[in-house]
Amino acid sequence: MVDPVSQDSAAISYAKCLAFFLGACLSTAFIIVSTPKAGINSFPRYAWIVVILSNCNHLFQQVSATCTSIVVNDVINGYLGFVLLQCCNFLVITRLDEDDLAKAGVSQSYGFPRKLFRAVCLIFNMRGTGTPWQIKRPNKFPRFFSRHSDNGEPTRASYVIRQMLIVAWYYLFLDVVFRSSLETPPEDTQRLFGHGKEFMYFDATGEQLAARVVVSITSWLGPGRITIDMAYRGISILAVMLGITSPKDWPPLFGSIWDAYTIRGCWSTFWHQSFRWPLTSVSNFVCHDILRLSPRSPLTRYLNVSIVFFVSGVIHLALDSFSPQPPPLVPTLAFFSFFSIAILLEEVVQDVCRRVTGVNTRDSTQRVPLWHKLVGYTWVGFWLTLTSPWFLYHATRLPPESKWLVPGSVVSSIGLEAGGALLVASGLLLKFAIGGEI
């Protein structure tokens, strides 16, 4: 947990990191508004990228040295890293300028400070919500809001209150998960998740296989998803309360688990969509601008997918390298890169099924049969169980004290059993009170 003695110094360190981060974003916005996207006068765009990249190392090192939790560090560094990637994307890949900002509602009649502010907001709008660059199939707001507003959009008060209640439940959930992990004997961890166990399949014991399935599935559904979503909801509460943005600018970060019956659906709909814009910008740049491939060819389509997963893996590795015990290179890259193979395999099978059954799963107007979804969930679960340990087992072997999830524990005061009971009871209450959805 956070050492109380070092809280002041930690706050100062985080303030310095935040100052550099906001300075980088503000300077990027200044260059976007004031320089052309091409020609000799566009040189500041390329020069500023060098400045950002040369200072990233110090930024990530300072964040990692400030907090003792590798989980919290990964979330913070991940967000900082991808926002800075978005800065680079806007400067030299997508190459936005003042005319492009006008397409996003930033009128050229605005004063310079207002243009600058709106450009910074666009940098943080990682999914392009409400702009011409909005990602495909953004998640819809929960039905709760349509039942409690005239136009189906959340009001400021209802949105903030609902988000606060969910964040409070998330906090308790992560507290219970961490406290439960402390009760796992080290010898059990070594027996189930020790070095090399992630590559054991046919020679694994029944207990090891069961642990593999449980960790591979629940890590994504529980702590992995909730840790990221909690940060998103916390930022949205602050932004909406301060009047910087409106609730409609913050659609749900994660989709429904009921859409996760394919690998593609798992990553494009169920999992968070935060980094799709910068990652697809990089892949499109490689395929279209460098390789000059036809936009509609199957090769371009699958190369795009492969590049997105590979670049995501490289960035995860780069950010994890600032951890005191970084994960191994090859297994982590393999975990991300192999998803493009899985997507290729499943689309070949889907194409065959489409020809045989006549059911087009890509047509949103057609109802997907139950048997199809059951087979799909089995397939997704199998693939995650096959590959997730390459990425996850390293973290399970780290000391428990380095993996705390919340800065202060409620469960340590009331006990694990009481905490678990409170978690279940409050979860059911929220489900019926504010329409909790999964």
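Cβ from N, Cα, C; glycine included.
Whatever TrEMBL says is automated annotation, not expert-curated.
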Annotated range (TrEMBL: transmembrane segment) out of 158-175, 302-319: 302-319
Same-chain residues near the transmembrane segment (331-349), Cβ under 8 Å, at least 6 residues beyond its ends: 198, 262-264, 267, 302, 305-306, 309-310, 312-314, 316-317, 320, 379, 383, 387-388, 390-391, 394
Long-range Cβ neighbours of the transmembrane segment (370-392) (under 8 Å; 6 or more residues past either end): 193, 197-199, 212-213, 215-217, 219-220, 258, 260-263, 266, 327, 331-332, 334-336, 338-339, 342, 346, 353, 359, 361
Residue distribution over DSSP helix, strand and coil in the domain 'Wax synthase' (250-336): 57 helix, 0 strand, 30 coil
